[in-house]
Number of protein chains: 2
Amino acid sequence: MELSPRNDPEIGGAGVGDPSPILPEDPAGKPGRPRPWWVFVLVGLLLGALVAGAVAAAVVATQRSGSEAPLPDPSDSSPGPSDSSPGSGDSSPGSSPGSGDSSPGSSPGPGDASSSSTPPPRSVILMVSDGSGPASMTVARYVAYHMQQAAAGNVAMGADAAGAEPLLVLPEDFTLPLDRMLVGTARTRSSSSLVTDSAAGATAFSCAAKTYNGAIAVTPDDRLPCGTILEAAAVAGLRTGLVATSRVTHATPAAFSAHVASRSSENQIAEQQVAGATPLDFMPDLVLGGGRRHFMPKSVRGSRRSDERDLMAEAEQRFGATVVRTANQLAALLPSDPAAQPAFPVLGLFSDTHLAYELDRPTTDQPSLLEMTDFALESLGRELRQTGTPFFLMVEGSKIDLAAHDQDPGAHVHDILMYNRAVDRARAFVDEHPGTVLISVSDHETGGLTAGAEVGASPKSYLWHPGVLAAVQRSTDFVAAELFTFERANSPTQEAMEAHVVATLGQAFRVTDLTPAEVTAIAELAFFSRTTHTDAMLQALGNVISHRAVIGWTTHGHTGVDVNLYAYGGADAGANAAIVASLAGSRENTDIGRFVVNYLDLDLAQVTATLQAAGGALMLGPADEPAWPGAYTRGHG
Amino acid sequence: MELSPRNDPEIGGAGVGDPSPILPEDPAGKPGRPRPWWVFVLVGLLLGALVAGAVAAAVVATQRSGSEAPLPDPSDSSPGPSDSSPGSGDSSPGSSPGSGDSSPGSSPGPGDASSSSTPPPRSVILMVSDGSGPASMTVARYVAYHMQQAAAGNVAMGADAAGAEPLLVLPEDFTLPLDRMLVGTARTRSSSSLVTDSAAGATAFSCAAKTYNGAIAVTPDDRLPCGTILEAAAVAGLRTGLVATSRVTHATPAAFSAHVASRSSENQIAEQQVAGATPLDFMPDLVLGGGRRHFMPKSVRGSRRSDERDLMAEAEQRFGATVVRTANQLAALLPSDPAAQPAFPVLGLFSDTHLAYELDRPTTDQPSLLEMTDFALESLGRELRQTGTPFFLMVEGSKIDLAAHDQDPGAHVHDILMYNRAVDRARAFVDEHPGTVLISVSDHETGGLTAGAEVGASPKSYLWHPGVLAAVQRSTDFVAAELFTFERANSPTQEAMEAHVVATLGQAFRVTDLTPAEVTAIAELAFFSRTTHTDAMLQALGNVISHRAVIGWTTHGHTGVDVNLYAYGGADAGANAAIVASLAGSRENTDIGRFVVNYLDLDLAQVTATLQAAGGALMLGPADEPAWPGAYTRGHG
Ligand SMILES: [Zn+2]
Ligand SMILES: [Zn+2]
C-alpha cells in the first residue's frame, strides 16, 4: 500500500498538488485509517485518566505559580487569536480529504470541544533546543534575571558587574518559561556512540529509533529510510511544519523530512523536502529557516547545488507553495482578518545559509525564532480552529548548538533566551487550544559548558557572573569577521589594530578591562588569514567572555550528558495524563518519538514500508563514513 | 516554650538521658502537638489525592518497567524484614513519651495500615549525593553497564576497551536505580553566590532556607541558628539518623545537627552533635561515618581537638550511646533475631577523618555506604514495625564530591555506583514500608565534569569511553600516596621510579599504554615533597584516566548547574501525591526541606525559637569570612 500525505495548496480547494490525497480523514482532522484494537484500549485508558489529568494539571499549576518573569517580548504585534474555541467550525471541503470512517472515541463532532465526550483534536509542537545541556539552561535563567534587574536599574551590566549580582533580591522561584514545564531528562546516545550528533539525535525523535551519527532518518544497519512522525502526520491528514534557525537542510529539520545516509547530502535533502523526491511526494505545509544555497540553481551566486534546478520554483509549481525570502514578506502572508485562512504550503528561506545569531540578526530580512514560531502557530491555529485540522510542528533553536561549538557563551545564551520566548508563545497556544501538547528537548549537549571554572590561582572561586553574558551585544563570529575585514580594508599598524580591538570588543562585548596580553594576541590574529585563523580568533574572543563570566568548556564537539525534557499540556486532562505516563522521568530520546506516535495515533511502519517499497534505498546518496561516526569538523552540528 | 527531642537510650525504658521528653506523641509515632487549621486542610487534600497517588504510582510503575539491572550487591547478608506490616504492633511504653492528644486524621490506630482509613506512619529517607551533577549520573550509568557487560565477558575492560563499547547491545532502557525515580531538578545557588558550597547547600535542605557559603544551619544576616528538619523530627518524637562517608562533622551531616557560623568549626559541631551542646540537648539515634579526630581528646594521636574532652565517652554517658569503631562492630550490634529491637543511639565512627573511597576501602574496618544504610534502615525499620515510630534519616555519599574536587573520575564514579546500591536498598525499604518517602538529591555539581572532551587534534571526537572508568581499581589519592611513600622508602633512581609508576598505574588504573612523557612526568613528581606536590600529582594521575576516558573537567571547585532530583514513594498513594505535588519539576533546593517539613508535619519555627531563645548565638563560634563565601581550599567540600 502506498501512502501519500495531503498537500492541498489552496484552502478550500481539492488540492492541485500531485498526488491527490488517498487517505480518509474525519471532520475533526483525526486520522481516519482503521485503528488496531489497542487504540480502543488506549481511548478507554485516557478517558479513565481524566481525573489523573486533573492532578497533572494541578502539578502544572504548581509549577506555574512561581515568580513568572518572562522576558520582554519584542513582537507584540501578533496577539493570540480571540477565537480560541477549538473545533468550533465545520471543516471546509477539501481540507478534509475523504469523508472518513467513524472510529469510536476518535470522532469529535462539531461543537464545544470542552465537552467531556468530545476530546479535542490532538496536535503536537515539538521544540528542539539543539546543543543545550542542563548547564545551558541554568546559565540562561540567571542571565535572564540579571537582564531583568539591569533593566530595572538594580544592578550593573557587563564585566564590571562581576561580583554585583543581585543575589539577595533574587526570588527563589525566579524561573524561565522552560523551567515551568520540566518533566524529566532524556538519554541521548546514538547507535554508534555514547555521544550523538544532531542527525542521529533528530532521527531518534523523528523515527523513534536509534541510528548512527550522521544518519538522516535511515536505519543503522542497512541504511534504509525510516518513516518520520512528520511524514506519518501528513499521511494521516494533519498539517505539518518545520521551523529552524539553521539551513532547513541541516541535520535536525532534515531528519523529519528527508532520508539520506549522510547529513552532508544537503542538496538531496532539499529535493526531498520541497520537490517531491520521496515516494510520499509531498512537502510540509510550512518550511521556515535558512539555506537557500541548496535550493538555488548552480549559476546563482552563493548556490551550493551542482545542477540548475530551482527548488523554490519547483515547490511553487509542484505543490503551489508560496515562497518568501524576508521577515517582512513572511509577516505579510498572514491575512489581518483573523477569520481568513492562511495559504499553505509556505516555503520561507531567509538566508543563503544559516540564519544569524539572535545577537547579530538583521531584523527586517530575517525573522526571529519567535516570529517564525508565531507565524506558524497563528497559521496552523487558524486552520485548527476553522477546520478542526490538527498539526505536527517542529521548531528548532538550531544555532544554540553552533554557538557552543564555537565556545561563544554570549551567542549561546542569547539564542537560548530567544528560544524561551518562542516556548512562551507555544505555551500560550497550548493554553488556548486544549489537546495540543508542547514538548521541548535537546538532542544533546554541546561544548561541555559549565557555570564555574578555574580562574586564576588558588583559592578557587565558587561563583560565576551572569552579568558578563547579559551584556554581550554580538557573537564572536560577528566580531571575528569584523576584525578580519577591518585588517584587510585598512592594512593597519599593530597599534591601530589594537586600538580597533579595544573599541570593537568594548562595543560588542561591553568588556572594558581587556588586558594588554589579550589585546595584543587578538590584534595579531587579525593579521593572519581568515581561512586559517578563524578558529583561533573565535577561541580568543570567546575566552575574553568566558573567563570574565567564570564559564567553563571542555570541547568544541558534543558531550553525552542527559538533557532536560520539558512538556506542557495546559489544562487538557488527556494531554497531561499522556505526558505523565509517557514523558515524565528519565527517558530515552526515542521515547519522545514514541510519545508523538502514540499521542497522534500515527503509523510509522506503514510510512516506512511505503518509502522502502518504492526503492527508497536508491535515494540515499553516498554514506559519509570517513566523517561519521565519531568525528567533528567545524560547520557540522 | 522549650522543646526537647526524645532521646531514650534503652528500648522500652523511659529514657535516662537528660532532659526527659516533654512532648506528647501518639501511639503510631505521629507528633502530637496541636496542629494548625491548615493541617486538616492538608489531610483532606491528601485523602482526596488518593486517586492522584494511584496515577503517580502508575508513573513509578512505568519508570520501573525498564531493563532494571542493579549492580551486584555484595551485602546480601541483610535481607529485608519478613514482617513488613507497618503499625502492626502497639507501641512499647517509653518509646512513645506522652499519651498524646488525638488530632483527627493523624492518629492511626493499631492494625492494618493498608486500610484506607489508616494512613501509615510517615518517614523520610533523604539521600544526598554530594557533588554529583547531571553528567556524573550519566557517566555512572554507562560505566555500570560496561561493568555488567565486562562481567558477562561481552566486552574488554580498561584503556584497551576504548572503541569497544558494547553499544549495539545496550538496551535502550538500561538504567540505574536512581534513573527510575527521577522527578525533576533542583536549583542550587546560595544566598551569597550562584555557586553554593556544601554547607549552604545542606542548610537549604535542613532549614529549608538559603544561607551563605560556609554556614552550618545559621541564618545569612544575623547568623543565628535555624531549626533543622532532623531536630524538628526528633522533637516531634521521630527517630533520627545521620549517615555519611565523610567526617560526620563535615558540612552536609553537620548542617542537620549543629549550628555554627563556619563549617570549619568541626570541634564545636561534634559537641553539638553528640554532647548536648545545643539547647535541644539530644543526639540523633544514629550517627555513622568518619571523623573521630574531632571526638577524641587532644592527647590522643590523630586528634584535632584543642581540649581533653572525649566526646565518644560523653555520648555514652549522657545519652547512653553505643559507640563502635569498625564495620564488624557495627554489624554485631544488630540482633540476629529480627524481632529483637536495636539499641539506640549508636555512634559509629570508623576513621579518624573521612572514610576511604569505595575503591580503597578496608572492608573489615570501614563499612560501605550500603552497609551503613542497611544497618540504619534495618534498625529504624524494626523500630517502625514494632512500635510504629517513624523516622527521618539522612544518608550522604560524601566522597563523591571530594573525588570530583581532585578530578579523579574513577573514585567519583565508583562512589556514585556504591551510592546507587544504597539507593536501591532504600527503595526496597520504601516498597516494604508504605508511608516512607525516599528523596535523593545533590547539593551541587563539582568539577564541571562532562562526558566528552577535546582529545588530540581535529577532527574532534564525538565519543567517550566508560570502559576506562569501569576498570579503575584505586583512587588517584591512594596511588599518589603510594608513589610518594615508595620514593621516600626506597630513594629510587629516576629509572626505577619510572618502572614503579608503570607497574603501579597498570595495577591501579589498568592503564597499560602510558606514554613515556606521562611516565616521566609522574615519576619526577614523586621526587618532590608530598606536602607541596600532592595537587600536581593528583592532577597528573587524574589526567591519565580522564584523557583515556574522554572525560572533561573545568574546575577543582563547584559549579552552578541545576542538579537532578529523585523521589520515590513506592505504592503509597499519599506519598506519591505529595511527591508529584511538591517535588516534581524544576525546584529550588529549599523546596526539598519544605517537602520534608510538610510531609512529616514538622515545626521548624518552634525549634528555631528554642535555639535562639536559649542564647543560641553564643555557640556559633568564629565566622570564617576570609575563606567564605566564594573561596575554595583543598579539603573543603
Ligand atoms: Zn552540534
Ligand atoms: Zn565540594
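Each Cβ is built from the backbone N, Cα and C atoms, and glycine gets one as well.
TrEMBL does not curate its annotations; it predicts them automatically.
Residues or ranges marked as region 'Disordered' in TrEMBL: A:1-35 (among others).
The transmembrane segment annotation in TrEMBL covers A:37-61.
Under the heading region 'Disordered', TrEMBL lists A:66-129 (among others).
Residues or ranges marked as compositional bias 'Low complexity' in TrEMBL: A:74-117.
All chains included, 33 other C-beta atoms sit within 10 angstroms of the C-beta of A:Asp443 (Zn(2+) binding site). Annotated Zn(2+) binding site per TrEMBL: A:Asp130, A:Asp401, A:His405, A:Asp443, A:His444, A:His558, in sequence order.
Secondary structure at A:Asp130 (Zn(2+) binding site), taken from DSSP and collapsed to helix, strand or coil, is coil. Counting every protein chain shown, the number of other Cβ atoms lying within 10 Å of the Cβ of A:Asp130 (Zn(2+) binding site) is 28. Positions annotated as Mg(2+) binding site by TrEMBL: A:Asp130, A:His250, A:Thr252, A:Glu396.
Annotation comment: TrEMBL describes A:Ser198 as active site, phosphoserine intermediate. DSSP assigns A:Ser198 (active site, phosphoserine intermediate) to a helix in the three-state reduction.
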Handout entry: recorded positions, contacting chain B; criterion Cβ under 8 Å; candidates A:Asp130, A:Ser198, A:Asp401, A:Asp443, A:His558
Key = A:His558
Practice task
Identify, among the binding-site residues A:His405, A:His444, the residue whose Cβ has the fewest other Cβ atoms within 10 Å in this structure.
Solution key: A:His405
Practice task
Rank the binding-site residues A:Glu396, A:Asp401 by the number of other Cβ atoms within 10 Å of each Cβ, and give the residue at the low end.
Solution key: A:Glu396
Fill in the blank from the handout: For A:His250 (Mg(2+) binding site), the spatially nearest of the binding-site residues A:Asp130, A:His405, A:Asp443, A:His444, A:His558, using Cα atoms, is A:Asp130
Handout entry: Close-lying recorded positions around ligand 1 among A:Ser198, A:His250, A:Thr252, where CB distance stays under 6 Å
Key = A:Ser198
Problem - Position of peak Cβ density within 10 Å, selected from the binding-site residues A:His250, A:His558 - result: A:His558
Exercise for the section: Select the closest residue to A:His444 (Zn(2+) binding site) from the following recorded positions, measuring between CA atoms: A:Ser198, A:Thr252, A:Glu396. Expected result: A:Ser198
Problem - Spatial neighbour of A:Glu396 (Mg(2+) binding site) that is closest, considering only the recorded positions A:Asp130, A:Ser198, A:His405, A:Asp443, A:His558 and their CA atoms - result: A:Asp130
Practice task
Would you count the other C-beta atoms found within 10 angstroms of the C-beta of A:Thr252 (Mg(2+) binding site) for me?
Solution key: 29
Fill in the blank from the handout: Rounded Cα distance in angstrom between A:Asp443 (Zn(2+) binding site) and A:Ser198 (active site, phosphoserine intermediate) is 6
Completion exercise
Around the Cβ of A:Ser198 (active site, phosphoserine intermediate), other Cβ atoms found within 10 Å total 31
Problem - Assigned conformation of A:Glu396 (Mg(2+) binding site) - DSSP reduced to three states - result: strand
Problem - Spatial separation of A:His405 (Zn(2+) binding site) from A:Thr252 (Mg(2+) binding site) - C-alpha basis, Å - result: 16
